[in-house]
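Copied from TrEMBL, the annotated features are:
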TRANSMEM  7-26  transmembrane segment
DOMAIN    36-205  domain 'Thioredoxin'
BINDING   C74, C78, H166  Cu cation binding site
DISULFID  C74-C78  disulfide bond
Amino acid sequence: MPVVRKYGFPIAVLALCAVMAIYLYLSSSKGTKVNLDQNLKAPSFTLTDLDGKNVTLENTNGKVRVIYFFYANCPDICPPTTYLMTQVQDKLKASGNFGKDVEFMSITFDPKRDSLAAMKEFAGKFDIDASGWKFLREDSEEETAQLMKNFGLGLAKDPSTNLFTHTDTITFVDKQGVVRKYLTGSIDETQNADKITKVVDALLKE
């Protein structure tokens with residue numbers, strides 16, 4: 001069945017995205033108390049930041065990590081979710097936790113186009129404080145896709161357009177390097193900076 005072979009993987013990713021969206025919606029609708037309902041050891045990685053320096057999961061242990069996978073040519077959800085994260089950034093700066101106790105990581109899954117210069121241009125469109133927010137890349141598109149999979153996230157590329165189908169998911173990793181929570185980004189119209197900040201605050205209290 002050539003149709004299945006050709007479209008099977010993208011369909012599977014779309015199904016994963018749909019399941020993840022339903023789960024995230026339901027989990028975010030259960031009252032105001034933060035439910036840290038995940039317990040997945042975060043996968044190790046070594047990525048390059050905008051200054052060309054290596055960043056690993058382990059060398060940021062001791063901080064709460066807020067991780068978002070994106071690409072600079074994203075036509076829809078990546079920019080508004082990044083903007084949403086800047087609002088969370090501002091709240092954490094006001095409380096004195098940003099950079100000191102909390103690290104944001106935006107990881108591109110399109111390294112062929114997202115050079116350091118392209119990522120700097122994307123980051124420059126937002127009010128980003130680099131003291132606590134790293135934009136990261138890995139040279140290999142395949143290894144980045146595998147990293148997303150290891151985080152439990154879905155990704156599929158349309159080679160005819162170079163556009164991606166991907167989960168719009170913010171991942172929260174605790175101080176010990178364990179994934180504790182997933183939240184949808186801007187694709188969820190009910191999502192806001194207060195909800196995201198509450199998750200970070202809950203992890204900081206542990």
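Note that Cβ sites are derived from N, Cα and C of the backbone, with glycine treated the same way.
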* Structure fact -> binding-site residues considered: C74, C78; fewest surrounding Cβ atoms within 10 Å belongs to C74
* Grab the pLDDT values for the domain 'Thioredoxin' (36-205) and give me their mean, rounded. => 96
* **Number of other Cβ atoms within 10 Å of the Cβ of H166 (Cu cation binding site) across all protein chains** => 23
* Structure fact -> DSSP, reduced to three states, assigns C74 (Cu cation binding site) to coil
